[in-house]
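Student: Below are the structure tokens for one structure; questions will follow.
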Amino acid sequence: MERYQELTVLLLLLLLEGGSGGAGSFRPLCRPTNATLAAESDACPVCVTFTTTICAGYCPSMVRVLPAALPPGPQLVCTYRELTFSWIRLPGCPPGVDPIFSFPVALSCACGSCRLSHSDCGGPRARPHLCTRPHLSLRLL
């Protein structure tokens, strides 16, 4: 009976790890996540912070241990599968300055190659994007 319990515990651990041998433990997988972003323009007096949905999380990857004649394979990143765009109006912009700031809103996410046309694939930053001007917070969600 004790051997059966050990096997059950081992199986549960493997299922919780996703069969990744420990690589995925305690790391949230790629999914839509709420994040606060900042929008500002050099011509407008106010920075606006707002909350939207972005793609974030862990994507499994492999790195070759031994050198190979082949180039390294692409590293997967958490990126948009489906998205829509929303916008906010920056307040106080002078006439002739476009006050509209548009941004992507994640509907679903997937692990895939980075597409710089609509993703920032640079990894985590030491400091988040911050306002350099007086700021106003908007609640969009």
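Every residue, even glycine, has its Cβ placed from backbone N, Cα and C.
Straight out of Swiss-Prot:
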- CYS30-CYS78: disulfide bond (DISULFID)
- CYS44-CYS93: disulfide bond (DISULFID)
- CYS47-CYS131: disulfide bond (DISULFID)
- CYS55-CYS109: disulfide bond (DISULFID)
- CYS59-CYS111: disulfide bond (DISULFID)
- CYS114-CYS121: disulfide bond (DISULFID)
- ASN34: N-linked glycosylation site (CARBOHYD)
- 1-21: signal peptide (SIGNAL)
Student: Any idea what the Cα distance is from CYS78 (disulfide bond) over to CYS47 (disulfide bond), rounded to a whole Å?
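Tutor: Rounded to a whole number, the Cα-Cα distance is 28 Å.
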Student: Using CYS111 (disulfide bond) as the reference point, find which of the recorded positions CYS30, ASN34, CYS44 has the shortest Cα-to-Cα distance to it.
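Tutor: Result: the closest of the recorded positions to CYS111 (disulfide bond) is CYS30.
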Student: Looking at the disulfide-bonded residues listed here (CYS47, CYS109, CYS131), whose Cα lies nearest to that of ASN34 (N-linked glycosylation site)?
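Tutor: Answer for the nearest of the disulfide-bonded residues: CYS109.
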Student: If I take the Cα of CYS109 (disulfide bond) as reference, which of the disulfide-bonded residues CYS30, CYS44, CYS59, CYS93, CYS131 has the closest Cα?
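Tutor: Ranked by Cα distance from CYS109 (disulfide bond), first place goes to CYS30.
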Student: CYS55 (disulfide bond): which of the disulfide-bonded residues CYS30, CYS93, CYS114 have a C-alpha within 10 angstroms of it?
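Tutor: Cα filter at 10 Å returns CYS30.
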Student: Can you tell me which of the disulfide-bonded residues CYS30, CYS59, CYS114, CYS131 is spatially closest to CYS44 (disulfide bond)? Compare CA atoms only.
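Tutor: Spatially nearest to CYS44 (disulfide bond) by Cα position is CYS131.
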Student: Have a look around CYS44 (disulfide bond) and count the other CB atoms within 10 A of its CB, chains all included.
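Tutor: Result for CYS44 (disulfide bond): 20 neighbouring Cβ atoms inside 10 Å.
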Student: With a 10 Å radius around each C-beta, find which of these disulfide-bonded residues (CYS47, CYS114) has the fewest other C-beta atoms nearby.
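Tutor: Comparing Cβ neighbours within 10 Å for the disulfide-bonded residues CYS47, CYS114, CYS114 has the fewest.
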